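According to Swiss-Prot, the feature ATP binding site maps to 172-179, 225-233, an assignment based on sequence analysis. The feature compositional bias 'Basic and acidic residues' is assigned by Swiss-Prot to 1494-1506. According to Swiss-Prot, the domain 'Myosin motor' annotation covers 78-748, on the basis of sequence analysis. The feature domain 'IQ 1' is assigned by Swiss-Prot to 774-803. What Swiss-Prot records for 799-828 is domain 'IQ 2', and it gives sequence analysis as the kind of evidence. Marked as domain 'IQ 4' by Swiss-Prot on the basis of sequence analysis: 847-876. Per Swiss-Prot, the feature region 'Actin-binding' maps to 511-545, 547-570, 605-629, 629-651.
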Amino acid sequence: MVWKHQLIGFSGIFSNVSPASVKVTVGSQVWVEDPDEAWLDGEVVEANGQEIKVNCQTKTVVAKVNAVHPKDPEFPELGVDDMTKLAYLHEPGVLLNLKARYNANEIYTYTGNILIAVNPFKRLPHLYGNEIMEQYKGTDFGELSPHPFAVADSAYRKMINEGVSQAILVSGESGAGKTESTKMLMQYLAYMGGKAESEGRSVEQQVLESNPVLEAFGNAKTVRNNNSSRFGKFVEIQFNHMGRISGAAIRTYLLERSRVCQVSDPERNYHCFYMLCAAPEQETERYQLGKPSTFHYLNQSNCHALDAIDDSKEYLATRKAMDVVGISPEEQDAIFRVVAAILHLGNIEFAKSEESDGAEPKDDKSRFHLKVAAKLFMCDEKALENSLCNRVMVTRGESITKPLDPGSAALSRDALAKIVYSKLFDWLVTKINNSIGQDSSSKYIIGVLDIYGFESFKTNSFEQFCINLTNEKLQQHFNQHVFKMEQEEYTKEEIDWSYIEFIDNQDVLDLIEKKPGGIIALLDEACMFPRSTHDTLAEKLYQTFGSHKRFTKPKLARTDFTICHYAGDVTYQTELFLDKNKDYVVGEHQSLMNSSDCSFVSSLFPKSREESSKSSKFSSIGSQFKQQLQSLLETLNTTEPHYIRCVKPNNVLKPEIFENVNVLHQLRCGGVMEAIRISCAGYPTRKPFNEFLTRFRILAPEATERSFDEVDACKKLLARVDLKGFQIGKTKVFLRAGQMAELDAHRAEVLGHSARIIQRKVITYLSRKKYLLLQSASTEIQAFCRGHIARVQFKATRREAASVRIQKQARTYICQTAFKKLCASAISIQSGLRAMAARVEFQYRTKRKAAIIIQSQIRRCLCRRRYLRTKKAAITTQCGWRVKVAHRELRKLKMAAKETGALQDAKTKLEKEVEELTSCLELEKQMRMELEQVKTQEVEDLRSALNDMKLQLGETQVTKSEEILKLQSALQDMQLEFEELAKELEMTNDLAAENEQLKDLVSSLQRKIDESDSKYEETSKLSEERVKQEVPVIDQGVIIKLEAENQKLKALVSTLEKKIDSLDRKHDVTSSNISDQLKESASSDYEMLSNLAAENERLKALVSSLENENYENDGNDSPNEQKEGPQMLKEEILAEDFSIDDEMTNKLAAENKDLYDLVDLLERKIDETEKKYEEASKLCEERLKQVVDTEKKYEEASRLCEERLKQVVDTETKLIELKTSMQRLEEKVSDMEAEDKILRQQALRNSASRKMSPQKSLDLFVFMYLFQPVENGHHESFAPIPSRRFGAMSFRRSQIEQQPHEFVDVLLKCVSKNVGFSHGKPVAAFTIYKCLIHWKLFEAEKTSVFDRIVPIFGSAIENPEDDSNLAYWLTNTSTLLFLLQRSLKSHSTTGASPKKPPQPTSFFGRMTQGFRSPSSASLSGDVVQQVDARYPALLFKQQLTAYIETIYGIFQENVKRKLAPVLSSCIQGLKDSSHEFSAETLSAESSEQNSPEKPSEENPPEKLSEDNSSGKLSEDYLAAKPSEDNSPAKPSEENSQAKLSEVNPQAKPSAENSLAKPSEENSPTETWQDVIGLLNQLLGTLKKNYVPLFLAQKIFCQTFQDINVQLFNSLLQRECCTFIMGKKVNVWLNELESWCSQATEDFVGSSWDELKNTRQALVLLVTEQKSTITYDDLTTNLCPALSTQQLYRICTLCKIDDHEDQNVSPDVISNLKLLVTDEDEDSRSFLLDNNSSIPFAADEISNSMQEKDFTNVKPAVELADNPNFHFLKE
């Protein structure tokens, strides 16, 4: 025998036609391979060498000649019952035969002696029953239709006649019907075996009833089968010499233990559990059971019941079957008590014990189930708990009890449940065998093997490894048997034959079970070592079998391995191999069960014979299974096998469905195709002589003439066609592979030649006959036609004359009627047009009058507001001037005072003056309050005026005459408005003149400064030496630097003068623009008559916006979403210009005030060089108060014209550097003053020239407070200044205690590193805060600690690529700011809280508001003590706020930078896939060839600014501005989403609904998953660093804004604005929505709403019937958030010429086109812009912090043991 050691693939190896012998011509019927249907039949329509074109029913296929199989044209409709009778024995022939018989409900087919059974998934009563068994009784095999009864009968007859034991092997995959086939076999054998009695019960009845018992405890529902056997079973039925059943034995293999504790959805656990839960009520009460959903071992799956199966009836049937097989009622009760105990055992949950480190039952519910389980097991409850929660380790001389953690206790519980169930099942099998009884004197046996088929799943573990080993063994046995049958066939026919090569899988068996060195041997060896893991096992396997051709290692796996089985490659996961291979029982469980009071339970766990485990021999599941398998094969080798291969026709378990690919795979895995291949290797075609001659006698007719011998005739016939290699047997002709096809080709050639001769003769006869008939008929037809034509012509002539007359009269009547109708229509149209024109004119005049009234009221309000502001500024200037005059008088008095008493009197007078000034300030405050009241009253008046206007608008619709009168009065009001505007222009000119005067004043002051500087230089030279002697601590370098600062400030004054000049120029331009707009307003025409109705609505919106403007007083007009029409636009421009003029006037006034302050400052520098240090300090403090008030006014003005400040950003940035250097100089001077306090005081008392140097320090302090350092380049309102005298403040500063600088280094070294988090709170922020509070640094007037802490926060920006580091410092800085906000209060804060100012709109405004406002965190006083903060602390909080926004901006930019290329790749991938899809399915759609309308008719920029953000902003985070919040989503968005779901119902977040499934590795779906991956990575970074939820929501909102902008702008491109693209993007958006729901709203917030533009655009794109959409539906329901430009572009781009119903109606497009103005020509205003602004304020962070208790935060490890930082533990 020749053994062929090679692996043959599945494709094309079973063909009996070799490529060289295939003869294919045009017209041949062949089979071609197809990936979907396995094989398709068709006709060859073209043959080109080795390639042919085959026309199938559904498509045309081009294939190679050697890749096709011939088709039998004479194939019977119902197929053949034995596939060896097929003319062509190949894969397509086998599939066709099985399918034909399956459709005819003939589910059984022979392949030689092999029976193939196809599961019908329905009842077929005609195939079973006693009458059917009677038919097959004693019938020869193959005489009747194929049936399992025939196989059983053949086995029984051979056993009786030949005296040889038989075996029937039933195999197939789960759900193929193995169990049912086994039942029928046993039923027939019991029928044939008679009725021998054994103890009152028949043996055959016990054998049959053992099936339901074993099914109840060994079968379960799986995904593939509702009654899947989870164990292998071999039933040995013993017969005596009379052929009667004398005994039986059941052997089981490899029960699936893990199913007891772990069930996957939608599978079920073993049937017995559900039967017991459905038992009668008294049974369930006894076992304290309930519904299956209440038990952990059953509720892991949602499937608790099976269709058409009643578990309660099955329970009673099982109990009845137990009675039959000999299980007593007491034993049955014990069995089900154990089953119930297992269920209760699974409900025991464990938690960590409070008394020890071990585990204990979690709650009362767990203890209840523990108690019930102990009761059912009849064991001690405490002992059961200890066995589950403890382990006893036996050492030399003692035993150690080790407590288990909750997880290990749960594993111990599951281990006990599995071993108890396994022991119970083994007991049942043993009991059934003992009950049935085995006959030791039996002569023969018939074994029925019900074994699992070949299995290959996504995850393959130890069970699949053992199952596939079994199938490899059985396949080898099967191959050898089939080969033997083939040899017997050839020997019987007495033909010459050679040995046949067939596949041998011995190498796979050696790989698995060879000892030593096999996989099982290595697995057992690994199990013997306690430290072995699946990693070491896998490594050992790789080292041992790395070069084996049947063993491979997967590329991306570390512990998996792949074995090349006969049915395909299977990859096994080794994670649970070691645990599943170990066959041991936990000692505690063994002792507990053995000590049970129930004899049944204790019998399941008998005492071990060997007390010491060391002396016992190691045993494993793999070794035991191998031994059982070897014993099974030895038994099979002693018997004659019969094979039944069960096939599952489909995976949906439904009848009438036959899946070719699935069936073919099962035939290959079951070895059927291998048997066919072995047959094909010899003589696959075998025809009896009579059939062969009947089919091919036309090839040699002379061989069959008269009387002939069949053998000689066959030889002559084969010699005629020159066929070689055939064999002539006794009754059959044996042909080689391909010879049958060659004979068919010769036969078709002969038949074709004969058919052509017959066709030629018949065609000749028919053509001659037809010609003669046509000749005689044509003669008669011609005569008849000529007469008929003459008659017809006469009638036509008469008819023509009559018709001419009738037409003349008819045309006359039609023309008259049409003319009359036209006249009537013209009159009607003219009257309608005149009426419409009159109505339009009336409505226009009505609206114009209302607009004029509104404008007049607004202008009056604006003028009054300007007047009040001017009055307020004048009062402030007067107060400042009076203060300055009083200061001069005070200086004169001090210069006259020589003695100490005089000085004290002067001081007293000065204090009185200060009190007077204080009263003046109080008076000014009262005036401000009065102004506020006046302002409020004006607002109320304006509201009432607006209400009156609304009433007037309603009254305008009463009569036409009243409206005309109101229009005349409106014209008079317009003239008054023109006069007011002229006055306003005059006032503007006056302001310009005032600016000129201020410039002159500045110039004069500059000259004074120069003179004072020259005098100062001369004086300084004379007193330089004396100053050095008396005040040696003053450094000359400091003086030089201060002089340099003075020069820089001079340059600053000149810069501000230039700024004023530029503002004057802007004022002139504004004035000219106002005049031009007034002229344009007077000469505007009356267009857009069709939009008058819409203008009325827009006018109402304008009134609403004006009300909002008066309420907010911040100059920001609320967006008006429907401003259209030239006339309304001009009126809006006019109102806007008035607002601009107001803003310019306020700006000029504010600049004037600023110049006044600078002038006062310079004049004070000249005067204060002659005063003492303390006197100058007092005067400076008062001046600073005034400057603070003035700067606050300037801040209000700057908010109104914030956009104008962008022009001076560069200059202010340079100013920041100057301020920073000044601050550093001030700190140095302050330190020097503190160190040499005594020397400087003595110098001030004794030196006559002490007025020089101290003045420099004074200048430094003055300018430090005037220009505080800011972070973003904007002017900041002054920091709160202590209310005490400047001199007293200086004295207190000199007296402050020394800070603990020696501990600062330790603190900085600790917090500069990542010290992590404690209870989700940052340790670094908590440590810094506690140290600053403890050291009282917030109350210090001067300290450098804050300057040393700030650079630590700057380290987060040094590495902007490290997102984790940025998130860490973002959490620390925000938490520290929260702590500062709740703890610090401004030193100048009074008890009365002022009225809350409007929310600032700029980055600088938010910072200063957070700087000024007290902490907004609502915390009780006992949590933290309020601290009276000084300037350094407030400045530190300001810098901290700036760092938070800087770090946030960098982090957001990193996210955007990572997300942008991935989104671009996604969009590009969708474009490519959309083009491919469109080329195949949408070739008729050519909408993209039609260019859309020019963008010149899109909406104006004003509309775009209302719908989108306020434009692209600077990426400089320090100067960033907040964007306008997007308008909230309208309720109609929900309707849009609902409509989107209706249009695309399958668009759900699952992989099954994807529109395209590209085969490339870089598919768009994978790229979209990259976006989800980035979002998951971002979410993980935020969670890891405990970023506050408020900031996390802002980050995700801004990220989703960027996604919305990129996706929406892409959809507005021509290639992306398609139906297919919309569906694909919508699928991914559903996945993104699913991700948002999984990420929870706490982190993502309202991020999903940021995609509203893209979602609404997709609604329009994926709507199929776009022609039914109206304009109102489009703008109100479908896409309310999209602008007119965007809607117009989408409607034009998605237009398809050949599908009018899929296009938007032309009326809607024309309406959109009318609304698009000509101003946007060549613009791209339809695109969305990215918004890089900071979307939050400092107070919002503090308000959003949820955690307000930091008492449980642990300090850093480095500081915990330091005694100097013991306060951190308090």
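Including glycine, each Cβ sits where the backbone N, Cα and C put it.
Here the binding-site residues are G172, G175, G232, and the one ringed by the most other CB atoms within 10 angstroms is G172. Non-local neighbours of the region 'Actin-binding' (511-545) in the same chain are 469, 472, 551, 553, 558-561, 563, 574-578, 581-582, 618, 620, 622-623, 626; each lies 6+ residues outside the stretch with a CB under 8 Å from one of its CB atoms. For K178 (ATP binding site), applying a Cβ distance below 8 Å and a minimum sequence separation of six or more within one chain yields V170, S171, G172, S229, D450, I451, G453, C646.
Secondary structure from DSSP puts S229 (ATP binding site) in a beta strand. Under the DSSP three-state reduction, G172 (ATP binding site) is assigned to coil, being neither helix nor strand. Between the candidate binding-site residues, N226, S229, the densest Cβ environment within 10 Å is the one around S229.
Here the region 'Actin-binding' (629-651) is broken down by DSSP into helix, strand and coil counts: 9 helix, 8 strand, 6 coil. DSSP labels the residues of the domain 'IQ 2' (799-828) in these numbers: 30 helix, 0 strand, 0 coil. Across the range of the region 'Actin-binding' (547-570), the DSSP-based residue counts are 0 helix, 11 strand, 13 coil. Here the region 'Actin-binding' (605-629) has a mean pLDDT of 69 out of 100. Assigned with DSSP, the residues of the region 'Actin-binding' (511-545) fall into helix, strand and coil as follows: 25 helix, 0 strand, 10 coil. According to DSSP, K178 (ATP binding site) sits within a helical segment.
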